[in-house]
């Protein structure tokens, strides 16, 4: 038996043991191994953000930068809180605004989009095609040029400097309606007909049949919208003038503006980028898990 | 009275669907106020000279005439750059999203979550990723990662200015965008693939489907058509609406010799820097038309029959 033959046999044995250990089949192990390197490369920004926030000043400025921290410290977080102590409005207020807005607006978008997507997918009411067309075309318009008209709308509604100004502009999300409608298209009509024969009302069909089957779409919309609303500074810049009504990302932006060429507060900026990403990361993990878990159980198709 | 009859029938039809209208009402109202009216207003502004402060002044088609006859930045750089960028990034990102989503769907549930996180990470990290991964990697001096690697293996003799030379900037922009293209379409396709009924695959196997490739083509893709359509529209829209990437990579606005000047940069240049909102609106209307036509073309190619935009 030559060397190669032995190696092959050993490798096969190893693979068998690995698949027994994890309960994966061979195809899955191959794919996982193939994607591992690529995955690590894609994951770099997150790894970097976590390490960057823990770097002391001596490591923050190395070029080209180190991904991993060598001498971790909490100093950047203390700096972030020291910087925020001097401002007239405590950082906790911005944090409260942001969390309240992101949670309420995400909930609102998800509910409103689902409500709208259901008739679009399942009732052929007069005007449905026109509405769907308008929704899709609206995705294509450059938002920058809408800023002034949007400001005029918000100010003539008289909601500047209120939570409404932060929440209402997000409620209509064409992307979310589009995504949910595409998923609801897949719910079999027979299922809905059967429920109707059993005497279910529309509200019942929507809540008990359509929504559970479309949980993956709901979770995906929640991830996307939370990410979008949490990081949004536009409503703070355009629709509020009162500092106590602004949001955390806006506040961080003022902290970290013009930092490209300065040394001061780079530590705070590094810590701030971690603070910004952690909530979106958590929301992603919770809801993406839901996408995967729902799939495993949904057999209605 | 046939007209009266028809009106009556239409009213009856609408009344029959009153519940549907109730369902869509919250969306339609907020959509109308915060999106539809502003978009219409912006389209209207494209026929005016408007600087954001004084009242708009009607100029008719003048902006459009200027755009297509005299605006050399638009004709020479913004338009060709955008088309080149979108033609590569749109389909490229779309295919990459599907392939990755499919591969990830083959993994067991527990591992899948972490892999999905890894591939979605660039979208999650947003702009931060750009400045910390790609700028040092593509840095034009000897210690930039890519330069030092290529110098090390003897592929090039002197450092290249990856993001400052107009020869390379566009290609750098395309590679970076493809890397971070696992966004919304990717999540939708992943959910779509996982949603495909498992019994269909078994039925396929009984009916003589042998290879995985055949299975993808004959079962997976047809049964997730709605998600494929969603991802395609988002890929086209995203590719044409990209604009910050060149500025972020090169650190200059406008980009060196306008090599990375895209239509959205053109809109921002006029709208937010020169305060010529009327002209910026005209450019964004043109962009809207281009995206719309691109969508039409792609659906003609794929042969989708209904629901297209």
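Note that Cβ sites are derived from N, Cα and C of the backbone, with glycine treated the same way.
TrEMBL assigns the feature transmembrane segment to residues A:125-143, out of the candidate ranges A:68-86, A:125-143. Between the stretches A:205-226, A:227-248, TrEMBL puts its transmembrane segment entry on A:205-226. Counted over residue pairs separated by six or more positions, the transmembrane segment (A:268-287) shares at least 3 Cβ pairs under 8 angstroms with the transmembrane segment (A:29-50), which defines the two as touching. Annotation: stretch A:163-184 has the most Cβ pairs under 8 Å to the transmembrane segment (A:94-118), among A:125-143, A:163-184, A:205-226. Same-chain residues lying 6 or more positions outside the transmembrane segment (A:163-184) and placing a CB less than 8 Å from one of its CB atoms are 97, 100-101, 104-105, 108-110, 112-114, 116-118, 120-122, 132, 135-136, 138-139, 150, 154, 157, 210, 213-214, 216-218, 220-221, 224-225, 228-229, 232, 235-236, 239-240, 245, 247.
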